[in-house]
Amino acid sequence: MTKFVFVTGGVVSSLGKGIASGALAAILESRGLKVTLIKLDPYINVDPGTMSPLQHGEVFVTDDGAETDLDLGHYERFIETRMRKANNFTTGQIYQSVLDKERRGDYLGKTVQVIPHITNEIQDFIKRGARYDTPDAVDVAIVEIGGTVGDIESLPFLEAVRQMSLRMGPNNSAFVHLSYVPWIAAAGELKTKPTQHTAKQLREIGIQADVLLCRADRPIPTEERDKISLFSNVPAWGVISMWDVDTIYKVPRMLHEQGLDGLICDKLRLHTPPANLKRWDDLVYATEHPQTEVSIAMVGKYVDLSDSYKSLNEALRHAGMKNHAKVVITYVDSETLTPDTVSSLAQFDGILVPGGFGVRGVEGKICAARFARENKIPYLGICLGMQVATIEFARHVAGLKDANSTEFDPLTPHPVIALITEWKDADGTIKTRHAKSDLGGTMRLGAQSSDVSPNSLAHSIYGDVVTERHRHRYEANVNYLDTLRKSGLVISALTQREHLTEIVELPQDVHPWFVGVQFHPEFKSTPWDGHPLFNAYIAATLEQRSALSQAKKAETAKPLKVVAST
């Protein structure tokens, strides 16, 4: 039977519940347990698909096409289990499901209430995510509850897991509570009072924490931990310090050395081999001992919040580790780039243009793509980054003046990027949409396969077939592909079903490394293997850096021209 660990947070949000949950899952997985993670989000949105990245961070996409919280990206980077739609749900989904049942008459005329109908539905969703009572059920499901204790929005979720724990019995569930222990510079000490209060709030709704993870900017001394233990009713060995580190991949070792996994296994009566964290130690060593460095300009429109590109940042760092290089990412606001300012990108070893929506900042991205093409700087365009590269090529190489996407200019004379109105989803279901369709859930989503052209750069990276995750509405217009091909653009991958453009590139005798992809490869990158596309991209930037360095040395070594004096 599946055991459950419920992870809650207090005092403030953004403490790192997702990192803590993923790290705990990684340690338990290293003990030989089958683990999954589930994220409960208390907002009323059905999913984060229509939320601003500047407010919510990136939207992480699963293989089965779910638009989910960015924490699911952390989960996939910490453990082997792949996430599904069932691993993330929101208040909006819960209420939508309950109201659908009410309309069908499933409640047989009863008054539908938060307790028991909403709380029961939450429990059913949790069990579904854990595959509870099924042949492929996991050993441990770690359930992260978004928000903080005391928020009105979180109360139904907290009540649901309280009931669930009561029904399952004390040895089948555990509660881990994250709290903030601030350092007050003026007083020169850590303050434990906020943690005492949040533990009390948790008890007031019927939940006693088994473990307190105390977040701070430094390790918390024993004296403060003993004080927290006394006032929170948690044994001293259950008060664990979780301090700031320079890489999240140090967190599993940090928590293991303080005995967190042992505490959880004892509470849940799980008998397992000791944890083996060698792979994490090796990973941290690789992170801390790069042999070289490479600089990447990420030209985006959501650069004010780095979490908007969380998986992309991690994918670049993973590729850096595979190439024994430190990747230094500089965020460039695409709205600041014009033909007069784009030369500022010359200082970087590579240019990357990520995905995005809407017309704001698009011309700056087009400038970046042109600068990379004309100056032979390694370029990787993802989703919108592929589309702007196609638009730029159409305008300045193929001679299609004012070429554009109908997303940005519905009246463009050359819509080289346009809205596709019918396609098959990841599960084969035929979907339709038009310009006035709802924004939520109307994109091409999830994993889909494409055939890769032989003798292409893409083929050297992926082989014959590429399967990647998608999240977009607009596609390269098939009516312009022949024109673009004749002008020198290589269409190196097409979807197997609709033959839509998936990868474009420039021949390597024209440009050393120029690739645009319609999908989102960053969602499948892992710290162990990186991702073949990002690995190749960073390798190309390193080659470019080395070639420029050698050319500069050769230029410096030239003998001085002697001018005869008169």
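Yeah, the Cβs are placed from backbone N, Cα and C, and that goes for glycine too.
Listed by Swiss-Prot as binding ATP are Ser14, Leu15, Gly16, Lys17, Gly18, Ile19; the candidate from Asp71, Asp100, Asp106 that the record includes in that site is Asp71. Per Swiss-Prot, the candidate among Gly356, Gly361, Gly446 that belongs to the L-glutamine site alongside Leu384, Gly385, Met386, Gln387, Glu407, Arg473 is Gly356.
Going by what Swiss-Prot states, the UTP site holds Ser13, Lys191, Thr192, Lys193, Pro194, Thr195, Gln196, and the candidate of Lys39, Lys127, Lys227, Lys250 recorded there is Lys227. Set side by side, the recorded positions Lys191, Lys227, Arg473, His520 differ in how many other CB atoms lie within 10 angstroms of their CB, and the most is found at His520.
Of all the binding-site residues in the record (Ile152, Lys191, Gln196, Lys227), the one with the smallest CA separation from Gly385 (L-glutamine binding site) is Ile152. The least crowded of the recorded positions Ile152, Cys383, Leu384, Met386, judged by other CB atoms within 10 A of its own CB, is Ile152.
The secondary structure of Cys383 (active site, nucleophile), as reduced to three states from DSSP, is coil rather than helix or strand. Of the residues the record lists as binding L-glutamine, namely Gly356, Leu384, Gly385, Met386, Gln387, Glu407, Arg473, the two whose Cα atoms sit farthest apart are 14 Å from each other.
Considering only the recorded positions Ser13, Lys227, Cys383, Met386, Arg473, Glu522 (active site) has Cys383 as its nearest partner by CA-CA distance.
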